[in-house]
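*Asks:* Okay, handing you the structure first.
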C-alpha cells in the first residue's frame with residue numbers, strides 16, 4: 001500500500017488596510033509625542049520671556065506718562081509765573097506812565113494856576129476899590145442906606161419901605177433897575193449879606209403872559225428853582241435871609257436895586 005501524499009502550504013494572513021493604517025499611526029505617533037515633549041520646553045521659556053518684556057514695557061510706559069504729566073505741570077507753573085511777572089511789569093509801566101503824565105500835567109497847570117491866582121488878586125483889588133468908591137457916596141439923603149459891589153455887579157439898598165411899584169420907581173431914580181438875581185449862587189450870596197429884613201426884587205407875575213417874569217423879561221438860571229416853588233401868582237416876589245416868596249405887590253417892603261458895571265476901575 002502506498003504512503004499517502006502530504007501536501008504543505010503556507011498560509012499568509014493579509015492585514016486589512018484599516019488595520020495597517022492603525023498600526024502605522026501607532027508606530028509614527030510614538031516618536032512625534034516624544035518630539036513634542038522635547039520641543040515644548042523652549043517655547044515655554046520664550047513665552048515667559050515675552051511676558052516679562054511686556055510687563056517691563058508697561059512699567060516703562062507708566063513711568064514715562066507720570067514724567068510727562070509732571071513736566072507739563074511744571075511747565076504750566078513756569079508759564080503762570082512768567083505771565084504774572086509780565087503782568088506785573090505791564091502794570092508797573094502803566095503806573096509809571098500815569099505818574100509821568102500827572103507830573104507833566106501838574107507842570108502844565110502851573111501857568112494856569114498862576115493866572116487864576118493873578119485874576120483872583122486883581123478881582124479882589126477891584127472889588128475893594130469899587131466898594132470903597134461906592135461907600136463914600138452912600139449918604140445921599142434919598143433913603144439909600146448902603147450899597148456894595150461884588151464881582152461885576154453893584155447892589156443898592158433903599159431902606160424906605162414902599163410897594164413893589166414904588167421900589168421899581170426908586171431904582172429908576174438912581175438909574176439902576178430893580179434887582180434881577182442871575183443864579184442860585186448870587187441868591188445865596190445876598191442872603192448871607194443882607195440885613196434881616198424883607199426886600200423887593202425884580203420878579204413879578206405877568207398877567208398877560210400868565211407867567212413869572214423878571215424886570216428885563218430875560219431868562220435867569222434861577223427860573224427852574226422858582227418854578228419848583230409853586231408860587232401862587234399873588235403878584236410880586238420879595239427876598240429875605242431865609243427865602244424868596246411871592247406876596248401882594250402893595251405891601252410895603254425895603255428895596256434892592258442891582259446893576260452890572262460896564263467899566264472896571266484902574
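Glycine too: its Cβ is placed from the backbone N, Cα and C atoms.
Straight from Swiss-Prot, here's the annotation block:
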type     : residues : note
TOPO_DOM : 70-266   : topological domain 'Extracellular'
CARBOHYD : 79       : N-linked glycosylation site
CARBOHYD : 87       : N-linked glycosylation site
CARBOHYD : 104      : N-linked glycosylation site
CARBOHYD : 113      : N-linked glycosylation site
DISULFID : 149-154  : disulfide bond
DOMAIN   : 150-258  : domain 'C-type lectin'
CARBOHYD : 160      : N-linked glycosylation site
DISULFID : 167-255  : disulfide bond
DISULFID : 171-257  : disulfide bond
REGION   : 224-233  : region 'Implicated in MHC class I binding'
DISULFID : 236-249  : disulfide bond
REGION   : 240-245  : region 'Implicated in MHC class I binding'
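What's the neighbourhood like for each of these?
*Replies:* The average pLDDT computed over the topological domain 'Extracellular' (70-266) stands at 77.
Of all Cβ atoms in the shown protein chains, 10 besides its own fall within 10 Å of the Cβ of residue 79 (N-linked glycosylation site).
The 10 Å shell around the Cβ of residue 154 (disulfide bond) contains 19 further Cβ atoms across the protein chains shown. According to DSSP, residue 154 (disulfide bond) sits within a strand segment.
The DSSP secondary structure for residue 160 (N-linked glycosylation site) is strand.
The DSSP secondary structure for residue 167 (disulfide bond) is helix. Cβ neighbours within 10 Å of residue 167 (disulfide bond), excluding its own Cβ and spanning all shown chains: 28.
In sequence order, 156, 158, 177, 178, 179, 255, 257 are the residues of the chain that are 6 or more apart from residue 171 (disulfide bond) and have a CB within less than 8 Å of its CB.
Sequence-remote contacts of a segment are chain residues at least 6 beyond its ends whose Cβ falls under 8 Å from one of its Cβ atoms, and for the region 'Implicated in MHC class I binding' (224-233) they are 184, 203, 205, 212, 244-246.
DSSP assigns residue 249 (disulfide bond) to coil in the three-state reduction, placing it in neither a helix nor a strand.
Here the region 'Implicated in MHC class I binding' (240-245) has Cβ contacts under 8 Å with residues 187, 191-192, 194, 196-199, 201, 203, 226, 229, 231 of the same chain, all six or more residues outside its ends.
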*Asks:* How big is the Cα-to-Cα gap, in Å, between residue 154 (disulfide bond) and residue 160 (N-linked glycosylation site)?
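*Replies:* Their Cα atoms are separated by 19 Å.
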*Asks:* If you measure from the Cα of residue 160 (N-linked glycosylation site), which of the recorded positions 79, 149, 236, 249 is the nearest?
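*Replies:* Closest recorded candidate to residue 160 (N-linked glycosylation site) by Cα: 249.
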*Asks:* Sorry to bug you, but what's the C-alpha spacing from residue 236 (disulfide bond) to residue 79 (N-linked glycosylation site), rounded to the closest Å?
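*Replies:* Each residue's Cα considered, residue 79 (N-linked glycosylation site) and residue 236 (disulfide bond) end up 78 Å apart.
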